[in-house]
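S.K.: Below are the structure tokens for one structure; questions will follow.
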Amino acid sequence: MFYDDDADLSIIEGRKVGVIGYGSQGHAHSLSLRDSGVQVRVGLKEGSKSRAKVEEQGIEVDTPAKVAEWADVIMVLAPDTAQAEIFANDIEPNLKPGDALFFGHGLNVHFGLIKPPADVTVAMVAPKGPGHLVRRQFVDGKGVPCLIAVDQDPTGKGEALALSYAKAIGGTRAGVIKTTFKDETETDLFGEQAVLCGGTEELVKTGFDVMVEAGYPPEMAYFEVLHELKLIVDLMYEGGIARMNYSVSDTAEFGGYLSGPRVIDAGTKERMRAILRDIQSGDFVKKLVANVEGGNKQLEALRKENAEHSIEVTGKKLRDLMSWVDRPITETA
């Protein structure tokens, strides 16, 4: 684990950082780098709606190509599915020996969608939290833990540069963990698919369907399997599974011990292993690339199918009753 005393901020202060993208992480990195005294510019395509936001913050914005030409450290924070094209068209033609190419996620490098030249440092700085939290913690004098990894190190100074960058966005205040592009990418994808997004979503929808098909009102089913999920996750987030079990009733705890293994059994574990193998082998990324090359048709079809599930209809009606819940723009428009 690395902390403030392990990182030299002057290293990144002596470089010119170009941040490609201004989404959740892009804005947090750019603003915090600026506040740490680092020269920073943001690369966005012509016509991007985010250009005005960058300019309002007093940061210079230009096209990705021009920013890549100016910078000697380029942090790629565009969406995963856009990175390979941006690299090929805008970044690679402007890379110079001694430049550093940084990423917030290792997918494109690990699976060979981006192949940087050998004379460029390739590293990753990945905060383990959303951009708004990264920025808020930085402003409060704190930080969000970060992962760093060095995939290519022609100068032998890649780790020091990555640590310096992490310090500039507040990461070393909380702690920085050294990893590899392989481990960060594969664990991140597995967590998303098997548990956080895919697994949780299907568990919730299936629980809802079972209750409604058994004759219970959909409103009650929604409260029990989706709405109250936040209460449980918050307890786990604060103090782990033990804290959650301590906080719920004995009835809930006892029932969970008995029934949880009936839902998630050895067969589930084997299917999770199959998902991990698909990730490790590159099969998932091949499907991801095929979807993008096909115009996102598969993704759009899956979105439509999920949006039409009855739990979404029920949920929208119930959230109209919850003044304390922040409503997404799509529901309030």
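Using N, Cα and C of the backbone, Cβ positions are placed for all residues, glycine too.
So Swiss-Prot has the following annotated:
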type	residues	note
DOMAIN	1-179	domain 'KARI N-terminal Rossmann'
BINDING	Y22, G23, S24, Q25, K45, S48, S50, D80, T81, A82, Q83, G131	NADP(+) binding site
ACT_SITE	H105	active site
DOMAIN	180-325	domain 'KARI C-terminal knotted'
BINDING	D188, E224, E228	Mg(2+) 2 binding site
BINDING	D188, E192	Mg(2+) 1 binding site
BINDING	S249	substrate binding site
S.K.: Would you kindly give the Cα-Cα distance separating the residue listed as 'active site' and K45 (NADP(+) binding site), rounded to the nearest Å?
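M.R.: Taking the Cα atoms only, K45 (NADP(+) binding site) lies 21 Å from the residue listed as 'active site'.
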S.K.: When the number of other CB atoms within 10 A of each residue's CB is tallied over all shown chains, which of the binding-site residues S24, S50, T81, Q83, S249 has the maximum?
M.R.: Q83
S.K.: Given E192 (Mg(2+) 1 binding site) and T81 (NADP(+) binding site), what distance in Å do their CA atoms have, once rounded to a whole number?
M.R.: 16
S.K.: Can you tell which of K45, H105 has the least company, meaning the fewest other C-beta atoms within 10 angstroms of its C-beta, among these recorded positions?
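M.R.: It is K45 that, of the recorded positions K45, H105, has the fewest other Cβ atoms within 10 Å.
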S.K.: Cα-Cα, whole number of Å: E224 (Mg(2+) 2 binding site) versus Q83 (NADP(+) binding site)?
M.R.: 40
S.K.: Using a 10 Å radius around each Cβ and all protein chains in view, which of these binding-site residues has the most neighbours: D188, E224, E228?
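M.R.: Result of the Cβ crowding comparison: D188.
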S.K.: Are there residues of the same chain, six or more positions away from Y22 (NADP(+) binding site), whose CB falls under 8 angstroms from its CB, and which are they?
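M.R.: Y22 (NADP(+) binding site) has long-range Cβ partners S30, V42, L44, S48, S50, K53, V54, V61, L77.
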S.K.: In whole Å, note down how far the CA of D188 (Mg(2+) 2 binding site) lies from the CA of the residue listed as 'active site'.
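M.R.: Here the two Cα atoms lie 9 Å apart.
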S.K.: Would you kindly give the Cα-Cα distance separating E228 (Mg(2+) 2 binding site) and T81 (NADP(+) binding site), rounded to the nearest Å?
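M.R.: About 33 Å separate the Cα atoms of these two residues.
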S.K.: How far apart, in Å, are the two Cα atoms that lie farthest from each other among Y22, G23, S24, Q25, K45, S48, S50, D80, T81, A82, Q83, G131, the residues recorded as binding NADP(+)?
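M.R.: Of all Cα pairs among the recorded NADP(+) binders, the widest measures 21 Å.
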S.K.: Reduce the DSSP letter at K45 (NADP(+) binding site) to three states and note it down.
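M.R.: Its secondary structure by DSSP: coil.
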S.K.: Would you mind checking how many other C-beta atoms are within 10 angstroms of the C-beta on E192 (Mg(2+) 1 binding site)?
M.R.: 13
